[in-house]
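The feature repeat 'WD' is assigned by TrEMBL to B:26-68, B:174-205, B:413-446. Per TrEMBL, the feature domain 'WD repeat-containing protein 75 second beta-propeller' maps to B:315-636. Annotation source TrEMBL lists region 'Disordered' at B:677-696, B:737-789.
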Amino acid sequence: MAVARMDGSVEVFHCSDRFFQEKIIPGREQCGIEGLSWVGERLFSAGLNGGITEYDLTNQKAKYTIDAYGGPIWAIAGNQQGTHLAVGCEDGTVKLFEVNEDSIQFERNLDRQKSRIVSLSWHPSGSKIAAGMMDMIQVFNIETGHSLHRMLADRGVGTSRSKECVVWSVVYLSDGTIITGDSVGMVKLWDDQTGTLIKSHNVTKCDVLALSVSQNEDSLVAGTSEGIVVQFQFVSMVLEKDDKEWVRTRTFRNHTHDIRAVAEITTAVVSGGMDAQLVVRPLLDKIEERSAASALRKIHFPHRRLVSCARKSGLMLFQYPGHLELWRLGESEGKGSSLFVKRNPEKLLHLKVKGEDHIRCSAVSPCGEWIVYSTASTLRLYRLHCDNNNISITKISKLPKVLSSASQLCFSSDSSHLFSASAQSSVHLVSISQSGCKFVGTLKPKSGERTIGFLAIHLLAASEDGKWVASANSDHEVHIYNLQTRKAHCTVPVYSSAVTAMGIHPATNCVFMMHADQQMFEYSIEQKQYTDWSRTVQRKGLHRLWVERDTPCLNVMFSPQNPSHVILHDMYMLCIIDQSLVRQTRIQKAFSLIFLILVDLCIYIYIYIYIYICLLFQLPAPIKQKKFAT
Amino acid sequence: FRFVLCTSGDSVKVYSTRTEEWLHSLQGHTNQVTGIALNRANHLQVYSCSADGTVKLWDFIDGILIKTFIIGYPLFAIYVSEKHDGIVFLHIAMDTDSKNECFQLVAVHLPKSAEQEVEAKELSAVSSRISPNPSCTAFGREGQYIAFARHLQLNVYFFRKQKTYSFSLKATDKKGAKNAFTCIACHPADDCIATGHEDGKIRLWRNFIHTKEYTYSTQHWHHNAVNTLCFTPEGTNLLSGGIESVLVQWQYGAGNRKEFLPRLGGSILHVSTSSDGQLFCTSHSDNKITVIESSFKVCGVIQGLVKGDAVLTDLMIDPRSKALVLNGKPGHLQFYSLMRDKHLYNLDIVQQEYIYEAGLDQFEVVKAAFDINGYWLATVEERGQKSSDLEFVLKLWAYDERTQSFVLNTTITAAHTDRIISMCFSSSEETTMLVTTAEDGQFKAWCQGADADTQQDQSFWSCEFVGSYHNLKPTNCSFSADSSLLAVNFQEVITIWSPDTWELLTTLCQPPGVVRDLCFGRLSCSKYLIATTTRNLLCCWNLLTCALEWSTSVEVSKLQPDPLSENVAAFSYQSKHTDLFVFKPSEPRPLFTHKNMCSEKIHRAVFVPREEPLNNCDESSQWLNRSQLYFLTQNMDLLTFSTATEEDRMLSSSKRLVIDDSVAVTPFYLLLGKHRQQQQKLNTPSHPAADKPQQPQGSVTITELLHTPAHVLPAASVLCSMLVSSLLISNTGVRKDPLREMESSEQEMNSEKEEEHSEEEMEACDSQQELRAQGSVDEVTPKLSKAQERELKRIRKTDFSWMTGLIDSKP
């Protein structure tokens, strides 16, 4: 499932892997996306800047952008055959593009209309297309390019009479029914043979912004600007007879603001909107077996670490789409249950990105001397000079050519090397020093029998002793490289779920991996096998409450005091896993987890919540409605 | 569609939807009637089931019992379906469960036989473990399936497939929903089941032949449990009602489009529609039926004795209208005519909008008292009984002759510093005085006096005297019959005051035990003061000697003196049942004892004066001759004692009803039949109970003339003479009988509406009595000659004089 955000970024979620956010393609300034369309395995987007963009999902970046020359594009739709792409433009034209092997090519315009095309939907046969416009819906014949029907949508009553009715969304079913959602709050069903209205449902007092129909066309969801999702089902009114009707059934209220996009994916309804969260509401009647994977899921935060920490100097780097912030942690005195804050945290640096591209990844070195970030096109390395209160940075010029762009960045523990994950699943090793930086080598996985290119790396972890580095890519592969030989050391057996966080234990040099389905593994690098502890955990199984959590773990850390403590955190909690406990006490099911909040680490979560709350404050007020009438 | 049927105790009452009048009741069950259902095969017939274990089939238009089916188990609800002819579905209690909490649904095949009483033996269980709530079961489209819910589970049983589909909901969710089912309705044409839930949601279930892919949509308007759901016959609308007393009409298939009909009274318990969908009917918790047109307009209200949450006031008799007065609608006093068993009107005491929501603390009328003439009414309303900050207002209402109702005269907001416990008016005719006792240890006397500041001729009430006794808490106060003495009890001590001088005359004390109730004797026993204490003692003091006359050990929950006789009724609650003793204060032996009267405690009772005294020779029922005793149980059932002759009369009238159908009742026949009936009545004066409704005769004829359609009226000449003659007779009758004169003047005082009503009832009564006439008159003559008329008149005159002579000689 692909999701486009207002800042132009496109995220790809894996529906069967607990909606893990596999890929993030950062956006650009001034690039609002209005529509997304899959054509086969290819993803296209169109936006108000008038361009159609195809994405390279392997390397997680935009492949190319073609201008449609029709003004801002409001809608994009690909046909089911995968041959054509239609875009609806501000100038009133529906433009057809032919999808070629490696690009798309303009074919022709359909009959030009007077008002802008707001929504588009292909008939599943690919011979007709329905377009929603201001105050009306048009049906075009693809062969001739002429309009077949023109159906007028009613304006609202009263004061909204003067406002034109925007047909925000349209769905064309294979039986010839056209379903539209408009700004009057109606979901209307039309017959494309006669061009007449069959039925209309008043869903809301405000706009119906999005519609989506299920694969087998028996369920339809509509998202409204009140923040509710309404489900319609195609059910027979008299049981065991075939005269079916669309009946409004369920209502889902999970959003506080406008819902801009909905998708009915048969087992669930996915909705996203202005409140920046993505809600996956399972449809229990379609799910064979209820499990943790089929629970209601709200995705607020990216499944990526956007904060990096310089442990030795107490600096934290926060990554925003357009800038970086460097903070120095506060200090506290004494030990005990309540700590007094001696020095408040302070913001040291606000680094704006050059150019229009947004930041893809960033890192701060453990010594706190180096800051690196990468956009889709450039990589920049800065050196931080910090003497008391004077902070200055200098950009390191003359970077090696391999460091043109990175999908993930990581410093070695002694800050002497920078690891930069690049295309083809390879990791570049660059040594950095006062004098400058020097390319050392490239770590490549054993290609083996694989012929297709490797996917982009989204996680990197370096060992404390500087011997090993581990990388995880979106194919769920974890490669471990020996830094001394600069060769691939081994590959962890591929697990079915994506790796969400990993770390190398400083003492035992075991890779600790967390997966999207909340399973945890520990793999010994030296012995090239899973550790006993990991096998025990897998044999005994994890506790139900642990498995049913709905956010993936984002970080793996190891307690310096107690080597058997592994510290994990996700969006909502920090937890410490005591590896020694499992070995000693043979608890059957209840996997002993000690949940503990650590004051220092808590800051991670605060920051995420802070960002989220800031975002909420920036939002316009949701539509006001009276809860209780008098 | 002209009749509304409702169950009422052990009978089914039939009301007309046009006039809202009670037509007749279908009597025959020996226990509570628990359910009624129209016979689908014959729309003029109705099934009723009762806890006595029988199902009866009635012709409800004529009120005839057609058949009785004996099932043998107590029945709790009845359902019929179109598809299952000759089968009724009944709720019976599970045999295994002693607590009656488990019910099963059984189908009973009703045997076809000509006999009146048939035993139906063919029982087959449809489902066990169903909800005890009868509205949680409903038949689906064409009787193909039955849906029943219990707690959180909805079951749909298909008769053809013989398969049950079950759907359950979670008890609650994060948002605090309460999902227990409260009622069910099935769409008549589509396969759609509407269910109501405890938190006010309405769910519409579809596709329920799939255990997984079933679906439902949720509507939420009610803020509390949905009590009832009903689809209109065409299925275009769904009606729902709950505690909010708002009838909501949901448009079927149009999402949340809905209409409201608010402020219907008490919470809505049932909704039903007529088979043509023109009329809706709602029944309310305050004993009311509202008839509503399909255009959502109330077109009729059938009001019984208003049943509130609790009766906080005493039962009282309005001395003017002789109506029973007690708490009615929240914040109101209701006036209820016991003679005609009809609700007269509600008097708004609190004068604030009542909010229909559970758990709110709102003003309630807690005390009320009439003075002896019925000219003044004193009320106390209270709020905050549960919380610490108590608010109460004492209001005095004067009767306004012009508007024929009570008008607020004085509002006293801080009559006492703490709540008022009791109050009473002085019983003398000349001065009206109100005495209130309160928890602050004081009693106050209030008098009417002209306010010096305002120059109006209106007079308001002000405090005249504040009395207290050793800082004890007064509880009861009572005036003696001639108002020369006021008795106020302060815990164990009864103090006697003179209202003229406000002098403490004497104190009476009989410890231990706090005095619970006290009253003075009446008439010849007015020198006695009777009091009950918490230590199960009934004491009687002679006020002339100030000594204890007698006392007896009996636990008395309510002491009620009869204003028209010396008798005092005492209700005693012992070992879980109530006994009634009636005694005269002069002698410690009871006149009448009724052991084990009912199982509940009686706190409210009243003696209602009879319109005319009975002359009963029976020793045991003599105390009922002048007035009737009504009492209220904790279930809000109003019960009364009746004499043997009254019972006979009621029985005979009901028997007459049954043989009614052999004569065609035309208005014409009614008109002429009445004369014969009157004749008959006068010839048999030994049966005085039969002519109970004593009405001015003339007006009956007039209204009948006016109400009868013109094309069925006899010739004008006939009518004219009849009219004149009937007027003449009534005049002579009134002149000669002083007692009757008083009554007729009383009746004239009543509002026009009431008179109309009484005429209607008169008609019903007439139709019964004319049958009696049938025996004496052999053939029905359509016209009467003037000579015959004159003859009739003559007979009547003579008879009347003879009868009044008899009456005069009687006492």
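Placement of Cβ uses the backbone N, Cα and C atoms for every residue, glycine included.
With helix defined as DSSP H, G or I and strand as E or B, the repeat 'WD' (B:26-68) counts 0 helix, 25 strand, 18 coil. Here the repeat 'WD' (B:413-446) has, by DSSP, the following mix of helix, strand and coil residues: 0 helix, 17 strand, 17 coil.
Distant neighbours of the repeat 'WD' (B:174-205): 131, 133, 135-141, 145, 147-154, 156, 167, 214-231, 233-235, 238, 240, 242, 250, 252; these residues of the same chain sit at least 6 beyond its ends, with a Cβ under 8 Å from one of its Cβ atoms. Note on the repeat 'WD' (B:174-205): DSSP counts are 0 helix, 16 strand, 16 coil.
Residues belonging to the repeat 'WD' (B:174-205) score a mean pLDDT of 86 in the model.
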